[in-house]
Amino acid sequence: MRSLSTLIALLCVVVVFGGLSLSSNAQLDPSFYRNTCPKVHSIVREVVREVSKKDPRMLASLDRLHFHDCFVQGCDASILLNNTNTILSEQQAFPNNNSIRGLDVINQIKTSVESACPNTVSCADILALASEISSRLAKGPDWKVPLGRRDGRTANRTAANENLPGPSFSLDRLKKAFGDQGLNTNDLVALSGAHTFGRASCSLFVDRLYNFNKTGKPDPTLDTNYLQQLRKICPNGGPGSTLANFDPTTPDILDENYFTNLRAKKGLLQSDQELFSTSGADTISIVNKFSSNQAASFESFEAAMIKMGNIGVLTGNRGEIRKHCNFVNQKSAELDLGSEESSEGMVSSI
Ligand code: HEM
Ligand SMILES: *[C@@H]1O[C@H](CO)[C@@H](O)[C@H](O)[C@H]1NC(C)=O
Ligand SMILES: *[C@@H]1O[C@H](CO)[C@@H](O)[C@H](O)[C@H]1NC(C)=O
Ligand SMILES: *[C@@H]1O[C@H](CO)[C@@H](O)[C@H](O)[C@H]1NC(C)=O
Ligand SMILES: *[C@@H]1O[C@H](CO)[C@@H](O)[C@H](O)[C@H]1NC(C)=O
């Protein structure tokens, strides 16, 4: 009897200390699921490949979803949480509402992953993996995705509105938004290169075509032929929801065209062209380098995606592995009595 209670006490100490060391030191690791879900990469790849055959734009949409997750309280899959009594979803934040795509694809991936390895792979890791696989399938950079993120139990719509950069941001504001996340100017330019695939709605750049900065004239940093092209796609007063390709030549390929386009005054958003048209800016030489050196642009993109994927991650026994990506897990009343950290530590270790 006494030895049993000693054993239990000892076990508790092991559990608590094990949990503490995990949550304070845990690093992401590309082989995190090697033993627990070795097929996770191929499962994600198959779903993304199938979906993108019918909808090539989905590769861009999935890439963006990971970005919009990581800039808001870290890469914790908070963007996937739906409205409930306790959650004010980020999906209706201004940069996301009627704009983000691919939530259903992530749910499809999660369903397949759950049937192969239940309660093991987080939705935040699925977003990171889907983003890398999308980049690969779009003939872009590839990298080994560090894994082991856990899912948050909260969302923050205010943070989504405040942290995500807008299409009319000046270079200073872009740098500030990225700097706040620990990303530097090289990261900003490299990651903006994602705007070489996917689409943007006319409403987000139409002012540049007809009435830039309330001047009654187009944006002077816009090439005149490109201006005419865009005016055909987005007539003045036309529907704001019409889509334009970010890259007119290879709209679904993740290549270095973005940077050559900027040099030719063919950036689609003001925030794109700012990287090259702001006089004296340190971004100009980076754009020049990336446009003439695909290897350099890919290398910086890979490194910056890994850096972005590390923002504010929950590891060890923090957060949880959601069963459904759109909802936090139900907790029983008695577990809710303990503090979040310790109750989860016990559950995950038993
Ligand atoms: C630098 C600041 C950025 C700004 C101001 C910005 C803004 C935007 C805007 C306004 C759109 C169009 C949304 C719509 O039409 O509904 C868009 C699309 C997109 N963004 Fe960004 N973005 C930025 C950075 C990034 C980064 C870092 C990534 C990824 C690493 C990214 C990936 C994408 C992709 C792939 C699309 C196309 C999505 C699709 O077609 O579904 N963007 N972005
Ligand atoms: C979550 O919300 C999205 C819209 O934001 C909706 O399309 C989706 O069906 C919802 N998911 C569930 C499981 O209700
Ligand atoms: C999101 O978009 C829908 C549909 O256009 C709109 O009815 C709703 O008011 C928007 N939500 C927010 C919070 O702006
Ligand atoms: C949500 O984000 C805002 C803006 O970043 C922040 O001020 C606020 O404290 C956050 N709310 C919670 C509950 O974390
Ligand atoms: C827009 O106009 C304001 C005031 O007229 C000016 O200070 C600002 O620099 C302009 N912005 C751009 C991007 O031209």
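For all residues, glycine too, the Cβ spot is worked out from N, Cα and C.
The signal peptide annotation in TrEMBL covers 1-26.
Here TrEMBL flags 27-329 as domain 'Plant heme peroxidase family profile'. Looking just at the domain 'Plant heme peroxidase family profile' (27-329), the mean pLDDT is 98.
Sequence annotations record features per position, and here TrEMBL assigns site 'Transition state stabilizer' to Arg64. Around Arg64 (site 'Transition state stabilizer'), the C-beta neighbours below 8 angstroms that are at least 6 residues distant in the chain are Ile100, Ala194, Gly198.
His68 (active site, proton acceptor) falls within a helix when secondary structure is assigned with DSSP. What TrEMBL lists as active site, proton acceptor is His68.
Positions annotated as Ca(2+) 1 binding site by TrEMBL: Asp69, Val72, Gly74, Asp76, Ser78, Glu90. There are 20 other CB atoms within 10 A of the CB of Gly74 (Ca(2+) 1 binding site), with all protein chains counted.
Annotation source TrEMBL lists substrate binding site at Pro165. For Pro165 (substrate binding site), applying a Cβ distance below 8 Å and a minimum sequence separation of six or more within one chain yields Arg173, Leu174, Ala177, Phe178, Ser271.
The Cβ of His195 (heme b binding site) has Phe246, Asp247, Tyr258, Gly267, Leu268, Leu269, Asp272 as same-chain neighbours under 8 Å, each 6 or more residues away in sequence. The heme b binding site feature in TrEMBL is assigned to His195.
If you look up TrEMBL, you'll see Thr196, Asp247, Thr250, Asp255 marked as Ca(2+) 2 binding site. For Thr250 (Ca(2+) 2 binding site), applying a Cβ distance below 8 Å and a minimum sequence separation of six or more within one chain yields Thr196, Phe197, Asn257.
A gap of 21 Å separates the Cα atoms of Asp255 (Ca(2+) 2 binding site) and His68 (active site, proton acceptor).
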